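If you look up TrEMBL, you'll see 77 marked as active site, proton acceptor. According to TrEMBL, the feature active site, proton donor maps to 95. As annotated by TrEMBL, NAD(+) binding site applies to 129, 200, 201, 224, 228, 248, 275, 316, 317, 318, 319. According to TrEMBL, the feature disulfide bond maps to 202-246. Feature annotation from TrEMBL assigns domain 'Alanine dehydrogenase/pyridine nucleotide transhydrogenase N-terminal' to 7-141.
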């Protein structure tokens, strides 16, 4: 039987340097008998030559469109918004299962071309737990940026400037440590930070970044479900300098903080990093802002406050891209056991569950979307 061919496409999303496959996982797949074609990419954090050394065949950018139908196309973020039908099996994050704006046009391209979407966001084990996620590095990057913003606001009146991806974690931590030192010189003390959701993937990443940046344990309030069970708003948030929210909600709970709870004369809080970035969700426990931020403009101010320091919110929805190498390596490592079963994906429980969900979502498409 001919070997299964995986085709790693080049990402087209702005400032997306991560990759679903790494040179290390590519080498493991090739060792297991797969053929791996890798599109050349000017944006990917890994050099093309790293994949070539791992045994992959380099192919032109965007050549997946014309690849044989039986090749499986592997990507990370959503495809460009085009209209042509999709004939392949695609492994990626598509962001079209929660009725996001334009979801029907994105999803309908697959059944229109006889293709299949195996969405990485909904790739779960038998217990419903995701087999791979970027949560740790989202929390890590969010907490690191929050420390930099805290220090910046102590020493500048203008908004925090844009940021770019770092080549590695050490480079990011060096910048954060330098910023914290400048902040301490102005404030005369280290910041106090509260992390809610501290026991999960995201929260543990946030706590790790804080510790590596030199924030001592006594300055970190690491809360989880037990601590928030009494219901907010929580004064511990406004008593802290930085609040990192790592909770993703699918139902409404009492707010952790709101505009009213911020209007206290002794507020210390000056930075909120909403790692979940549920900017407009009715379930958000942090309803103090309505604007998603970006690497170009990382913060948005909270207006209408009558006392206390200026308060900025970070709500970037692809924070792991700040550390594309480490984030990709961790994600692809966790995804590898599932990738190794793609040669019989219809009978692999993880992929079969993803296919069942795809079929269920396709069944909800309006006829007009399928007729294009």
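Using N, Cα and C of the backbone, Cβ positions are placed for all residues, glycine too.
By a simple count of nearby Cβ atoms, those within 10 Å, the most crowded of the recorded positions 202, 246, 275, 319 is 275.
Packing around residue 77 (active site, proton acceptor) is summarised by its Cβ count: 18 other Cβ atoms lie within 10 angstroms of its Cβ, all protein chains included. Around the residue listed as 'active site, proton donor', a 10 Å sphere centred on its CB holds 16 further CB atoms from the protein chains shown.
Cα spacing between residue 77 (active site, proton acceptor) and residue 201 (NAD(+) binding site): 20 Å, rounded to the nearest whole number. Of all the recorded positions in the record (95, 317, 319), the one with the smallest CA separation from residue 202 (disulfide bond) is 319.
Within the set of binding-site residues (129, 201), the lowest number of other Cβ atoms found within 10 Å of a Cβ is recorded at 129. Those residues noted as binding NAD(+) (129, 200, 201, 224, 228, 248, 275, 316, 317, 318, 319) have their most widely separated CA atoms at a distance of 26 Å. Per-residue pLDDT, averaged across the domain 'Alanine dehydrogenase/pyridine nucleotide transhydrogenase N-terminal' (7-141), gives 95. The number of other Cβ atoms within 10 Å of the Cβ belonging to residue 317 (NAD(+) binding site), over all protein chains shown, comes to 16. On a Cα basis, residue 246 (disulfide bond) lies 9 Å away from residue 201 (NAD(+) binding site). For residue 246 (disulfide bond), the spatially nearest entry among the recorded positions 95, 129, 228, 275 is 275, judged by CA separation. Taking the Cβ of residue 228 (NAD(+) binding site) as centre and 10 Å as the limit, one finds 17 other Cβ atoms among all the protein chains shown.
Between the alpha carbons (Cα) of residue 228 (NAD(+) binding site) and residue 95 (active site, proton donor) lies a span of roughly 30 Å. Comparing residue 129 (NAD(+) binding site) with residue 95 (active site, proton donor), their Cα atoms are 18 Å apart once rounded.
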